[in-house]
Amino acid sequence: MTADRDWAEVAAGPPVTVRAPATSANLGPGFDSLGLALTLYDDVEVAVTSGGLAIEVDGEGAEVAGRGERHLIVQVLRRAFGLLDELAGTDLGQPPGLRLRCANRIPHSRGLGSSSAAIVAGIVAARHLHPAGAALDDAAALRLATEIEGHPDNVAPCLAGGLTIAWTGGTGPRSVRLEPRIGQVTAFVPERRLATEQARGLLPGTVPHGDAAANAGRAALLIAALAEGLGTDVLLDATEDRLHQDYRAPAMPESAELVARLRGKGVPAVISGAGPTVLVFTSSARVDSMSAEVGNGWHIHPLNVAPHGARVQHDRSGARP
Ligand SMILES: Nc1ncnc2c1ncn2[C@@H]1O[C@H](COP(=O)(O)OP(=O)(O)OP(=O)(O)O)[C@@H](O)[C@H]1O
Ligand SMILES: N[C@@H](CCO)C(=O)O
């Protein structure tokens, strides 16, 4: 099948800008399954050009700009363009050139889903730019993003917004989106980075049956607490974890200590994703009083749940939404 446009025509058109939200995965007991989209965003502009590869990065992780073909978003664009040709039966191949402009606000390797935002932004941009982009539907986008990221819990809310429960079934990764009834959450972000790969390496191969059973019950309770807007006392119990946080504590002792301290005072606090950011479910009034107590060394981000997943921002072409 031939596409209705070729890369030269795409290059003559406008670039696409995608806004992708930060995400917090696990939320305590929901390891590799639960995720929340947050109102902290990366913006990625992608243009097809007549040749070469140019990458500009402003903000977080500016050092990744020099990676050329190894830049995560470039790799994702290439994978998505290849998959689109396969799915649509077209043979466009790779575009002659690409230009990326990244405005990064999500801190890297802190547990706020920066890699998922980059992956999802790349997929949404590729779907918009490729003339047969509609062939990559939402289910295929989730499958591709999960394949690249390795687990679905950050990419699902980054694609869908809100609160998501993600799992891998017989047909691959899937997710369900819920509208959480919670107000503000606050991210306490330390300077120290922790790569997800390193944090995953600290997990044991097996866990005691009692711990697995406790987490299953708490994860179920957490969904009810978030969906129904249940009170802080329920949320405190519902965010208890026994499957990952303690095993990872040696790699982020300050974060583990902060979570324990806040929980000891009745505040529902968890490690965000693979850490070391601490995510707190609480009102803004409480955060103000907590901030003084938490001390220096933490960047404090009061955030809301992002209602939408990654979306195209400026579409001057009037083409696909
Ligand atoms: N906007 C981006 N552009 C290019 N590469 C990125 C971008 N964001 C993240 N990355 C890559 O992903 C790495 C961080 O991914 P990692 O999985 O370790 O942490 P995270 O996604 O921030 O946290 P978590 O998965 O725990 O929520 C960075 O070091 C960088 O290589
Ligand atoms: N569920 C993942 C989230 C981080 O990407 C983990 O905790 O390793």
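We count from 1, first residue shown onward.
Cβ coordinates are placed from backbone N, Cα and C, and glycine is handled just like the others.
According to TrEMBL, the protein has these features:
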type	residues	note
BINDING	Pro107, His108, Ser109, Arg110, Gly111, Leu112, Gly113, Ser114, Ser115, Ser116, Ala117	ATP binding site
DOMAIN	79-162	domain 'GHMP kinase N-terminal'
DOMAIN	240-296	domain 'GHMP kinase C-terminal'
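All features noted in TrEMBL, drawn onto the structure.
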{"residue": "Pro107", "record": "ATP binding site", "Cβ within 10 Å": "22"}
{"residue": "Ser109", "record": "ATP binding site", "Cβ within 10 Å": "21"}
{"residue": "Gly111", "record": "ATP binding site", "Cβ within 10 Å": "31"}
{"residue": "Gly113", "record": "ATP binding site", "Cβ within 10 Å": "33"}
{"residue": "Ser115", "record": "ATP binding site", "Cβ within 10 Å": "21"}
{"residue": "Ala117", "record": "ATP binding site", "Cβ within 10 Å": "29"}
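Each of Ala22, Ile106, Gly273 belongs to the same chain as Pro107, His108, Ser109, Arg110, Gly111, Leu112, Gly113, Ser114, Ser115, Ser116, Ala117, is absent from that list, and has a C-beta within 8 angstroms of the C-beta centroid marking the ATP site. Residue counts for the domain 'GHMP kinase C-terminal' (240-296) under DSSP, helix first, then strand, then coil, are 30 helix, 7 strand, 20 coil.
Break the domain 'GHMP kinase N-terminal' (79-162) down by DSSP state and the numbers are 47 helix, 8 strand, 29 coil.
If you average pLDDT over the domain 'GHMP kinase C-terminal' (240-296) in this model, you get 90.
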